[in-house]
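**Q** Reproduced below are the annotations present in TrEMBL:
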type	residues	note
TRANSMEM	83-105	transmembrane segment
TRANSMEM	117-134	transmembrane segment
TRANSMEM	154-176	transmembrane segment
TRANSMEM	206-229	transmembrane segment
TRANSMEM	249-277	transmembrane segment
TRANSMEM	289-308	transmembrane segment
TRANSMEM	348-368	transmembrane segment
TRANSMEM	395-419	transmembrane segment
TRANSMEM	431-448	transmembrane segment
Amino acid sequence: MDTTRLLSSQKPTNYDAVAVRIGDSLPAVRPQRVVALDLLRGLLMVLQSIDHAKAAFTTWYGPHECWYELPSYDEAWQFVLRLMTHPCAPGFAMLMGIGVTYFVRSRKALEWSDGKLLWHFFVRGSVLVLINLFQSWGMGKSFGNDQIEFATTVLHALGVNFFSSAVVLIASNHLYSLLKRSLSRHDETNIDASSKAHQRANDIRILVIFELAAAFMILNLFIVPAVSAKDGVIEGYGWWRYFVYLPGLASFFISLYPAVNWLGLTLYGVGFGLLMVRDKRDNRQNAKFNTLFALGWFMFFLIIRFIGRFGNINPFLVGESGVLTAAGNPFLTNWITFFNTIKYPPDLAYTALFLTVNHLLLTAFFLVPTGPEANKYVSAIITNGPLLDFGRSALFFYVLHFYLYFGGAGLIAILFPGLKNNQGKLAMNGWQFFTTWFIGLIFLWVLCKRYARFKASRGPDSIFRFF
């Protein structure tokens, strides 16, 4: 199976034929999914569930890596457990951008108009935002603050950026079309000249998207105050700042994932998806390609961290957490301070480090054999295993795992009161937590497989296919 081929096409007839023609003509077959992308998405779903299960079953859930607060860790294993979950948010944003690219390309081949595409992305994005509101509404009571009505979780950022990145990509289609006509206007009948104009126009539009992605990534460094503030509260800051770009506690909601903070990573995925479509590599070539990106991002992370200033949000937070500095650079104190990056909003150190991880994971998944030559047991694990099922029903998994783990925590507290601490909260130890978390994953796997069969029976425009 060639898992790099995703999309089908019929012959486009308008400007979109130019806008989507990134290589040769698109194959007129039913779309195939890129297995490596689904496997990565499935693994990220598993990893992100660790954090939420910690909040349900243990007392380990503590402060996060915010522009105003950087947690310190008494034991290395606690930091490692948190570190394992960090690739998830940038991975979800990148995969969403790649998915937007492939979806637009496939639907343009079916002659969808720009308006129809934008409406589709608006509806799907709105569903994510509404689910975020539904799940987080009234969550302030959990923190003892009745004034807090809701939180902007990762679904909020993904929902807004689902639409925003589609707008950018569709606009880039028009840019590509204009550039190609401009570059080939002197000799439209020359096939070689037309091909060169196509390649150059496409390269320019990809570069523009990557430049936009970089601009939004860098913007995160300049939109946060260079102060330490409890819960991120800045006197005189209106709620709109928190909603648009600043993580922290607003007057009536908690801002965790403002969409602007994560737009750069989503646009990066759009650009990377265009590269994947343009070059049409096989699995082994895609593995090498992702390895190069991983090496590049990791070198960038090392440079940022060793310099210790630009690219790191509020380095003084390391000193404030009671850690001594080395060579005037607080990040060189020990390995924990070196890898303990700011996530809210993602600074360049965080972005570089965990894009490195995501590209390395894609490298590994592209190397997994899935064709006729593959071992039958390996093929069975890949084609019928939990990661693929989680990856292909990711939103269903995400919504359900909260209710499963927190509902399960309530039941366990009733059945096993000895697991609670003096404050009445579950306080599982290590083996109890991981056993419970793993059992939850088994339940989720069974439910995801059944849901996959259900949504496969729905029509192509069914809202259930969004999950």
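Just so you know, glycine gets a Cβ as well, placed from its N, Cα and C.
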**Q** Should the transmembrane segment (249-277) and the transmembrane segment (117-134) be scored as in contact, given a threshold of at least 3 Cβ pairs under 8 Å and pairs 6 or more apart?
**A** no
**Q** Please indicate, using numbers and ranges, the residues of the same chain that are 6 or more beyond the transmembrane segment (117-134) and have a C-beta under 8 Å from a C-beta there.
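**A** Sequence-remote neighbours of the transmembrane segment (117-134) are 100, 104, 107-108, 150-153, 155-156, 158-163, 166-167, 170, 395, 399, 463, 466.
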**Q** State the residues, same chain only, that lie 6 or more residues beyond the ends of the transmembrane segment (154-176) and have a CB under 8 A from a CB inside it; answer 'none' if no residue qualifies.
**A** 15-16, 18-20, 89, 92-93, 96-97, 100-101, 104, 108, 114, 117-118, 121-122, 124-129, 131-132, 135, 201-202, 204-205, 208-209, 212, 256-259, 261-263, 266-267, 269-270, 398
